[in-house]
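What follows is a short report on a single structure.
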Amino acid sequence: MSKIIGIDLGTTNSCVTVLEGDEPKVIQNPEGSRTTPSVVAFKNGETQVGEVAKRQAITNPNTVQSIKRHMGTDYKVDIEGKSYTPQEISAMILQNLKNTAESYLGEKVDKAVITVPAYFNDAERQATKDAGKIAGLEVERIINEPTAAALAYGLDKTDKDEKVLVFDLGGGTFDVSILELGDGVFEVLSTAGDNKLGGDDFDQVIIDYLVAEFKKENGVDLSQDKMALQRLKDAAEKAKKDLSGVSQTQISLPFISAGENGPLHLEVNLTRSKFEELSDSLIRRTMEPTRQAMKDAGLTNSDIDEVILVGGSTRIPAVQEAVKKEIGKEPNKGVNPDEVVAMGAAIQGGVITGDVKDVVLLDVTPLSLGIEILGGRMNTLIERNTTIPTSKSQIYSTAVDNQPSVDVHVLQGERPMAADNKTLGRFQLTDIPPAERGKPQIEVTFDIDKNGIVNVTAKDLGTNKEQRITIQSSSSLSDEEIDRMVKDAEVNAEADKKRREEVDLRNEADSLVFQVEKTLTDLGENIGEEDKKSAEEKKDALKTALEGQDIEDIKSKKEELEKVIQELSAKVYEQAAQQQQQAQGANAGQNNDSTVEDAEFKEVKDDDKK
């Protein structure tokens, strides 16, 4: 079976891994980094992903960041006259990671396990799966990030029985999961979280503070300046990271704006205590889901054996301190918070291929599932934290006499009223025979698969007529849309390849022109006038071709110049060889000269010197 790669598709950074033997290995990207920024930029028809896209975000408005926050919604990004869905942008990041894995493995990769926040709903999970498909990946499994982290942490501890709390604060999402580990079984007991809380929010409180300070000092509102905001975002992210290691940091942004008297500069000294004050409400927001997960698992602090911190934002000292205070236990710092999730995904890939044995993963659904009933209430069929895959059925009936059809409104959430929960989908069961209300027997069945994706069936037990749907939210893509996006991705990949080849060809041709000019100068009088003229003509022809857009013309002119320079080099080499032979002949003649005399010498002993 071909390799299944593990991918942590993050809000801020992404990571790709593969199982080598029985150990997960993080694959470095072409820049040598173990994580890749989840950033996509568009410039002159070219798509850039990762570090190169992030570097030019300040000057390029067509740069997309933190797209994960929009997964499962109908959000669109309009760039250069074209609209992109979050699935398409995510697919570009996945395609980049896929290429990195293929370069490392030296073989085609078409299967992956992709991680998602535990608190992702059905629409967000389906969108992630669609993104994988667009990128040319068969998504073998969608796995929850805290579960993946526990898998990586506990793989070599299968002989222990432990209850582990995974606190996962990433770039844009927050999850907390509690798992029980023992005898190779990884069972999720509960999960809770907030999909709108992460490192981006910690950056934002610093940005807001800098904007307020600058406005107070200079009367200029930087929040209205896009380029200034991007510079502030980069500076805030750097300051946040700095304050994990030092107690204060200097934020210096020269020429950030201009006033009546000339350029304005931003200079702010930010202390760790000030940052903690600014971000206090965010840290407090992480505590409620933590308490909820503990309550749902039926555990007390003394039951928790280990606390694992996952996600780059858990490096913030105030976050670590808050977790320690809440659980009463020092967090385990033996795992890399940026890589552990992707490593767990690779292990899950190994479980699927059979390379990892005696490991069983029992995950849960993060939110309750049900349907709307009379009075606009939600009737729950599957409670949150139910182990998946699972199936649950319930009998319903009609609300009025002779009702010919029933509308099934599928919901996900914890609120009692249907309107307060998320609509996953709607469908209709028709042709119900006329009967008094309450008589027809309508069986509604919910199925949740191993990826946490929902299927719903409604069946009239009187006629055995059945209606079944896989939940499609308003943001879900049809098969036709996915196929079109797959083709677009393939075409773009081919176009990007051609563009790279064109750039390489132009660079090689440019280098050849420089090399020929240098060679002609170095040879000077040692080259015939005719040969020199031929080389000059071919060189000028290539320079002219480089000014145009005809790639084939550049290629042929380059080949012609290469041929001339090879012939020229051969002639110069022959001349040099002849000159060397003549020089050796002259030296040999000098060695046979009759004027050479033998010298006599007399040995002088030490005694003779006295």
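A Cβ is built for glycine as well, from the same backbone N, Cα and C atoms used for every other residue.
The following features are taken from Swiss-Prot:
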- T173: phosphothreonine (MOD_RES)
- 525-544: region 'Disordered' (REGION)
- 529-542: compositional bias 'Basic and acidic residues' (COMPBIAS)
- 576-610: region 'Disordered' (REGION)
- 576-592: compositional bias 'Low complexity' (COMPBIAS)
- 599-610: compositional bias 'Basic and acidic residues' (COMPBIAS)
Surrounding residues of the compositional bias 'Basic and acidic residues' (529-542) on its own chain - C-beta under 8 Å, 6+ positions past either end: 509, 512-513, 516-517, 520, 554, 557-558, 560-561, 564-565, 567-568, 571
Chain-internal residues, separated by at least six, CB under 8 A from the residue listed as 'phosphothreonine': T11, K68, R69, P117, Y119, F120, G193, D194, N195, K196, L197, G198
Mapped DSSP class for T173 (phosphothreonine), helix or strand or coil: coil
